[in-house]
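Chemist: Pasting a structure here, questions to come.
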Amino acid sequence: MTVSHPAHRVAMLCVHTSPLAQPGTGDAGGMNVYVVELARAMAAQGTEVEIFTRRTTANQPDVVEVDDGVLVRHVTAGPYEGLDKNDLPGQLCYFTQGVLRTEAARQPGWYDIVHSHYWLSGQAGWLAADRWNVPLVHTMHTMARVKNAQLAPGDAPEPRARIIGEEQVVEQSAALVANTDKEAHELHTLYAADPEKVHVVAPGVDLAAFTPPIDDHQRQAERVALGLAPEGDVIVFAGRIQPLKGPDVLVDALALLRSQQPDRPMPTLVIIGGPSGRPAALGELRARVFQRGVAQHVRFVPPADRPTLAQWMRVADYVAMPSRNESFGLVAIEAQACGTPVIAADVGGLTTAVAHKKSGLLVPDHRPQTWAGVLQVALGDTQLRESLRAGARRHAQQFTWDHTATDMLAVYERTRVAASVNTG
């Protein structure tokens, strides 16, 4: 392989969830946003991106043009619907076959890089990269060993097959991309990744889509438009309804606040999202709300599109993220871009996404008592709230997709040069 030009065409693989899917339900989340926004930003810098994902409905077109230079290709691999993520490894041969068939219709050397997202995609990615004689760049997004070390009560551990699959992808990848220094350290210590091939590239945020309110009048007007009272404290949770994201912690903390301060006005907790993995998860969370006696203070909202999500974030006093783990936590950066501070668990990438006591607060554990105490301080200290609100937008402005794309393209280039040297 000889390198005479920057990577101008990238094959991105995203097997288990489409970048076009609505975040906040099923398996769709921050990774979906990451893939499509990174692709758009790289295309704006002159690199074409084709994203391969598994077809999940019969009426999905073969190809969708997302933006200039960005295509999503739907690959048939197994049943369209009703296939659990845990069953997807059995469909990887069909998915890989579909990816290779697309490239076979092109002139040789069509793609310069394969970039896979999540371990399932890495399994298909290393075969495609080997066939096309191009480097494989891989982003884990989440890792089984990390998740298993921080399981929520009653949550099932990730299977041994996934751990083995991740080890294989780490070994086969020419470059590994981590969201944070902490994730890079986990790749090295938990998966024996060569530090020389691990690169840290921070995700971004669309600062034009996620903006602060112009003034208090706009904030109050948006609250009314969303069915809220113009005054009063509002806490927003936005994410999939699953133990990993910890919405149960917020419900229990709210119940403690109510019992400890029965005469104080209660905040409204808005839970935005749908179930993931277990369809019963949403019903169980609703039942928990009633059992804890806080139903009148909790509002459930379906997964929201980007403009509506930005509205919810603008009207909130705080966005809360009691996740058991996050490789980064895009919701945190989106909220802060709206000028809303974040109260987050002190885990994973959230320690980078949130600047403690500057743009938000990091909570040391997942005990409802601890969260109730932090919420009590955060809601009761007006000076702290205003200070964090001022710092939130400043912190978010450090993260842009344009910067992410620039750094990622640099990783591609270094990886291609190294591969060229190694193969002579």
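Just so you know, glycine gets a Cβ as well, placed from its N, Cα and C.
So Swiss-Prot lists these for the protein:
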BINDING   His16, Asp27, Ala28, Gly29, Gly30, Met31, Asn32, Lys85, Tyr118, Thr142, Arg162  1D-myo-inositol 3-phosphate binding site
BINDING   Gln22, Pro23, Gly30, Arg240, Lys245, Glu326, Glu334  UDP-N-acetyl-alpha-D-glucosamine binding site
BINDING   Met313, Arg314, Ala316, Thr340  Mg(2+) binding site
Chemist: Tell me, in order along the sequence, which binding-site residues from His16, Asn32, Arg240, Lys245, Glu326, Glu334 have their CA within 10 Å of Met313 (Mg(2+) binding site).
Modeler: Glu334
Chemist: For the binding-site residues listed here, Gln22, Asn32, Thr340, which shows the highest count of neighbouring CB atoms within 10 A?
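Modeler: By the 10 Å Cβ neighbour count, Thr340 comes out on top.
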Chemist: I need the nearest neighbour of Asn32 (1D-myo-inositol 3-phosphate binding site) among the binding-site residues Gln22, Arg240, Arg314, Ala316, Glu334, using C-alpha distances.
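Modeler: That would be Gln22, the closest of Gln22, Arg240, Arg314, Ala316, Glu334 to Asn32 (1D-myo-inositol 3-phosphate binding site).
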Chemist: For Met313 (Mg(2+) binding site), just count the other CB atoms lying within 10 A of its CB, please.
Modeler: 25
Chemist: Out of Arg240, Lys245, Arg314, give me whichever of these binding-site residues has the highest number of other Cβ atoms within 10 Å.
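Modeler: Highest number of other Cβ atoms within 10 Å: Lys245.
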Chemist: If we check Cα distances from Arg162 (1D-myo-inositol 3-phosphate binding site), which of the binding-site residues Gln22, Arg240, Glu326, Thr340 wins as closest?
Modeler: Glu326
Chemist: If the Mg(2+) site is taken as the center of the Cβ atoms of Met313, Arg314, Ala316, Thr340, which further residues of that chain fall within 8 Å of it by their Cβ?
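Modeler: Checked against the 8 Å cutoff, the neighbours are Val236, Ala310, Gln311, Trp312, Val315, Val319, Ala335, Cys338, Gly339.
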Chemist: I need the nearest neighbour of Lys245 (UDP-N-acetyl-alpha-D-glucosamine binding site) among the binding-site residues Gly30, Tyr118, Arg314, Ala316, using C-alpha distances.
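Modeler: When the Cα distances are compared, Gly30 comes out closest.
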Chemist: C-alpha of Gln22 (UDP-N-acetyl-alpha-D-glucosamine binding site) to C-alpha of Gly30 (1D-myo-inositol 3-phosphate binding site): distance in Å?
Modeler: 10
